[in-house]
Structures are given as C-alpha cells and as structure tokens.
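Colleague: Residues or ranges marked as active site, N6-AMP-lysine intermediate by Swiss-Prot: LYS111. The NAD(+) binding site annotation in Swiss-Prot covers ASP31, SER32, GLU33, TYR34, ASP35, SER80, LEU81, GLU109, ARG132, GLU166, LYS280, LYS304. Residues annotated as Zn(2+) binding site in Swiss-Prot, with sequence analysis given as evidence: CYS430, CYS433, CYS448, CYS453. The domain 'BRCT' feature in Swiss-Prot is assigned to 611-686.
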Amino acid sequence: MNIESKIKEFTDQLNQFAYEYYTLDEPSVEDSEYDRLYHELVKLEQENPQLVRADSPTHWTGGVILDGFVKFRHPYNLYSLGDVFSREELALWEERVRKEIVNPEYICELKIDGLSLSLYYENGLLVTAATRGDGTTGENITENVKRIKDVPLKLKEAIDIVVRGEAYLPRQNFAKLNAERELAGAAPFANPRNAAAGTLRQLDTKIVAKRGLATFLYQEASPATNDTQEEVLEYFEELGFQVNPERKFARNLDEIWEFIEEATRLRDELPYDIDGVVIKVNNLAEQEELGFTVKAPRWAIAYKFPAEQAETEILSVDWTVGRTGVVTPTANMTPVLLAQTTVARATLHNVDYIQEKDIRNHDKVMIYKAGDIIPKVGKVLLEKRKPAKHLRKTHRANKYVWTRFGRRSVEKGLVFSKREDNRVKIPTQCPECDSDLIHFEDEVALRCVNPLCPAQIREKLIHFASRDAMNIVGLGPSVISQLFDKKLVTDVADLYQLTVEDLLTLDKVKETLAQKIVSAIAQSRENSAEKLLFGLGIRHVGGKAAKLLLERFANLRALSQASEEEISEIPSLGGVIATAVVSYFETAGAKTLLDELENAGLNFAYLGAVNVEGILSGKTVVLTGKLTTLKRKEAKEKLEALGANVSGSVSKKTDLVVAGEEAGSKLTKAQDLGIEIWSEQDLLDL
C-alpha cells in the first residue's frame, strides 16, 4: 500500500472511530488503538504534508450532532487536549513551554473519564448546559443537567460566566445501574463513561435524576477574571461548583511526574474513573501568550494512562441462569495476570455480543478490565485463529486418520464435516432445567421462563438473604446452595423454619456459625417492609423503587392489592414497574408466599426513615486507607448513622478524616490542611 492510500485509510478509520466515540457513544475500539492510529497518521502527514486531507482528524476534534437534540452553537471554541503517553513525550512538551515562558509553573489535575460539558450562567442562574460536540456546536442538554444534584442552578454570586467540566457516573452508581439493567434483561453499559453519555442523552429526565450523575468543573471558558488556574478552581468552589480536590502545584517535570505516579497509585481508590492527568500552565496570562494550535491549547497537555490488556485463550463457554431467568455466557480462559489479579473468567454478556465479535472456542483474545474491575473480552486475534483441517467424510478417511493418529486426531483439529466445531454453541434449552429458552423481541438476553427452574430458585434465595435485601449475615451463596441441594429450603419462606440442627448437617458449618445464622434470620423478621419487597426479586423493582412503593402504600399487603393506575401515580415510577408489581402479586405462588411469610412473623409495615441526630451531625467525613475490622460499607453506614455526610475526597470543607492502614494522599492532604484525623479504633469506640 502506498503512502497516499495509507493516509486515506487512516483518515477514514479515525473519522469513523471519532463518530462512534463522540456522537454515538458506542466506541468500537479501545482508546489505545485509536491513539496508536492517530499518532501514525500524524507522523505520515508530517513527512508528507502535500498529502494531508481536508477532513483529517488532526485538523478537527471529531463529532457531529444527532438529529434528536437541539443544536447549540458555543460562543467560544472548546478545544480538545493534545496527549502524551510517556515521560519522554511529556518532557518534550515541557521543553517547548520553557522556550516561550521563563520559569513556568503548572497545575496538575486528574483527567476524569466522563462526558465534557459547558454550563452557561446569566446573572448567576443556569440558563444553558451543552455537550462539547465538535468544539463549536454541541447539544442542548439543559433539562438533563438540571437533574444532576451537584450542579448549582443558582451561583453564590449574580454573575455571567461559562464554565467547562466533566459529567461522570460514580463507580458505585455504575455498578448499581448495570445490576438493575441485568435484572431488567437490558444490555449492560460497557463502562461508566458510556453510561454517563447515554444518561445525558435520555429524553426522560426522571431517568437522569435516578442514575446519580456527578460533575467536576475545571475551566472558565468565558474570559477569566483571575490570574491563575489555581485561583480559578478556588473561585469555582466559592461559587458552589464541585471541583476535584486531587490536584498539585508543580514547578518542573520531576514534580509533575510525582503527581502522575501518585495518580497511578490512587486510581483504584477513587470512587470514579480517571484515564490520565492534565497538566496546565498555571498563569493565565502565560496561557494566553502560548496560545493554541488548530486543535489544542499549547499551554496544556494530557498524560494518558496506558490501557492494560492481556492476551489469553478462550477454553470454553459456560451458560449460567440468574434469578430472573436470564441465561448469561461466561468465557473460561487460560489464567492470566491483569491489573494485579489473576483472571480466568470473563463475561460475554449475551448471544449478540458473541456473534458480533465472532468469538469462538480456542480463540486467542485480548482481555481488559472495564472500569478496571470487570474482566471483558475486547478483541479477537483473528490472525492467530487456527483453521480447522477439513477432510471429506468417508469410511476410508476415518479409518486412515484413526489408524495414523489415534486419539491425537482430536489434538490435530481434524474434522470430517463442513461444520466449524469451534463456534460457541448457543443453547436452546436451559442448562439447569432443560426448558426451552425464549428470546423476546425487545431483549438481547436468552431467558428461561420456567418458574421451577432450580438455578432461578437458588439465585432468588441468595438475593433474598443479601446485604441490600434482608441482610441475613452468614447466609451466603455456599450455605444456601447446600440448603437447596439438601431440599431443606425450596423458597424464601422455608428460611424461617431453619434450625441450628438443620444447619449443622451442612459442610463447614459449625455450632457458632449455625447459631449466628439462626439469630440473623430471626432479626430479619423485623426489617422494614421495603427490604422484604426488594428481597422478593420482582422484576424491575430495585431498592429505591421498593422504598417508594412502601412509602406510598405503607404496608406490603396494601401494595399487593394495589392497581396499576395507583402505582403509576407515584413520582419516578412508570408503567413498567406498575405492571411488573401487579403481575407478580396476581400469581397464586406470590399470594401463598405472602401468607407463609406473614405466618412466619415477618414485618409487612414500612417503618420509615430513621433520623439520627448524632455527634457527627452536619460534618463532612472522608474514609481512606485499608480498614481491618469494619468493611468500608459498614464504616460508611456507621458514620451516616452518627449524622455525618461521607465524602470521597478531601477538601477545605472536610471536617474529619478516618484513616486506616496504608492511607495515602488523602491523609497527607488532610494533615496539610489541619483537618482532624481519626483512626478506625476511634470510630469503633463511639
């Protein structure tokens, strides 16, 4: 391929990737692959400037506007950032800055992996919020942004200002959202960034409010009245904006690199995703002096973390059944080290995912961790796929191969039909109960609809006992599986008939654990009814929906007799949930189960929110480091019970930091700011 053809191919590919990323929010390649192609194109264009195309992505910032949203023309150009991937490349950028500026100073900020947006305020009131789009024209998403709780609708000062920032979905909210989507049979989002982008493009503002987006603001797009970037960020905090406290003042490359190394270590601790560090010249007058290229400011650069991937082989695919009947494929792989953990299994999501990527048994694949948490298959290495050796199926051929190779014929991949036997076999029957699987038109999932499917019953029991439902401590998946296999428990009502003697028949269950479980089961009878409702596992009814339903009807019995119209009147709940609830309680099985649970002494009443005026009432508290006695969620719940507002980052507004072992930058920053420090034991002593 000649140079001109290669430039054309790279340009077309990158423009398509940019469209998928910026406009559709459905990227088909990893950032690292895009960056590799982009830098190859830059190199080719530098060597052959006469061949640069007018639509080259090196001249613009990508994206077009979907017809479904009103276009918004930005009064200021919203530039993207240039990026570097090594200390050497960063040093070259810093050297260029020093050629223009004497003794420059820098501000280093975390690069949030979210969706860029701009907020327009007039006389202190939010009038417009828009996506960045292509840098000149974006989408008006004002009503959706108003549903983000940390975006101030009115500033502390009555000023006109345009600010830029990033909308993101915290990891905890992302996990909750995907869990809800899985229960509803919807495809999970690939990562928090895609989820944030998809949320801001929702036409139903109630969905936006429910998902819990957050923001960090980082730049004034309108002419700034401050002298430095550091002052801009402090001013933003005074106005009421959320500003990321994880930032550092630096005077040279070494200090910049120290922050990058700290950010790399901090990455897994953060409650949100980051994909790098942004370095900016601190002085705004010097920023103006340095100016811009066609695409990016010369006074700022983004250092991007390398995407960690690993190559492995898919050995086989298992199909498992969840409590709602969704049948999910999981790849068994040759164990490989990825992001400091050994990975041997990865989700394949659904049939569509397998077929779109053409995933087959014994394929070599690249895997990565979505959000650095969930192992996923990213790319099939087709060039390493071993083709099957097809032989004409004859008796003579069979006899020859068996005589010549014996059992090794299997190892050599010799097959005697046109069927490609490495393709993943899509099940037509449930792997647990052999019932026919259903593929509904509005779903991507295969589903077992047999209410007596053992796997579904087992998973429903596990869900019922889980922390967010009835919170029966000690009654985990292993114990429940044994109880189910021994037929000691066949539905959730049976749990309340268990005795210590029953539990002692199980493997690895001793007297102490058995007593603990029986006590926890008894205690769960007194839970507020929304916990019980969530534990029943009604499709589309998550924890928040369960609470809203019980707030309205006050009692589980009353809810079980409600109509779809009555339920649909509840704000934030729609017809889908109303239909699901009514349909569930109309079944004979549900009516019988309610009677059994009531006879077992379970509370059916909504007990209401517990308002605790504790010693930490109104205080902002940050947890950091490794806790040895409490789980992090337990510590958070205890702090909230004492009246505290638990935050994920240290700032001037922080009142207290609870520091466990190996506490890092948050503890250091708290000490620098003179914030009170507690140990885990101090918290336990309360």
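Backbone N, Cα and C define each Cβ position, glycine as well.
Since the structure is predicted, the reported quantities are computational estimates derived from the model, not experimental observations.
Can you walk me through where each of these features ends up in the structure?
Modeller: A strand conformation is recorded for LYS111 (active site, N6-AMP-lysine intermediate) in the three-state DSSP classification.
Under the DSSP three-state reduction, LEU81 (NAD(+) binding site) is assigned to coil, being neither helix nor strand.
Residue density at CYS430 (Zn(2+) binding site): 24 other Cβ atoms are found within 10 A of its Cβ, drawing on all protein chains shown. Under DSSP, CYS430 (Zn(2+) binding site) is assigned to coil, being neither helix nor strand in the three-state scheme.
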Colleague: Which three-state DSSP class does LYS280 (NAD(+) binding site) fall into?
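Modeller: It is in a strand.
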Colleague: Within 10 Å of the Cβ of CYS453 (Zn(2+) binding site), how many other Cβ atoms can be counted across all chains shown?
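Modeller: Within a 10 Å radius of the Cβ of CYS453 (Zn(2+) binding site) lie 21 other Cβ atoms.
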Colleague: Please work out the number of neighbouring Cβ atoms within 10 Å of the Cβ of GLU33 (NAD(+) binding site), leaving out its own Cβ.
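Modeller: GLU33 (NAD(+) binding site): 18 neighbouring Cβ atoms within 10 Å.
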Colleague: Please compare the binding-site residues LEU81, CYS433, CYS448 by how many other CB atoms fall within 10 Å of each one's CB, and tell me which has the fewest.
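Modeller: Among the binding-site residues LEU81, CYS433, CYS448, the lowest count of other Cβ atoms within 10 Å belongs to CYS433.
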Colleague: Cβ distance under 8 Å to ASP35 (NAD(+) binding site), same chain, sequence separation 6 or more: which residues?
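Modeller: In sequence order, the residues whose Cβ lies under 8 Å from that of ASP35 (NAD(+) binding site) (at least 6 apart) are ASP83, PHE85, LYS304.
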Colleague: For ASP31 (NAD(+) binding site), which DSSP three-state class applies?
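Modeller: Note: ASP31 (NAD(+) binding site) is helical by DSSP.
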Colleague: Between the Cα atoms of LYS111 (active site, N6-AMP-lysine intermediate) and ARG132 (NAD(+) binding site), find the distance and write it as a whole number of Å.
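Modeller: Approximately 16 Å lies between the Cα of LYS111 (active site, N6-AMP-lysine intermediate) and that of ARG132 (NAD(+) binding site).
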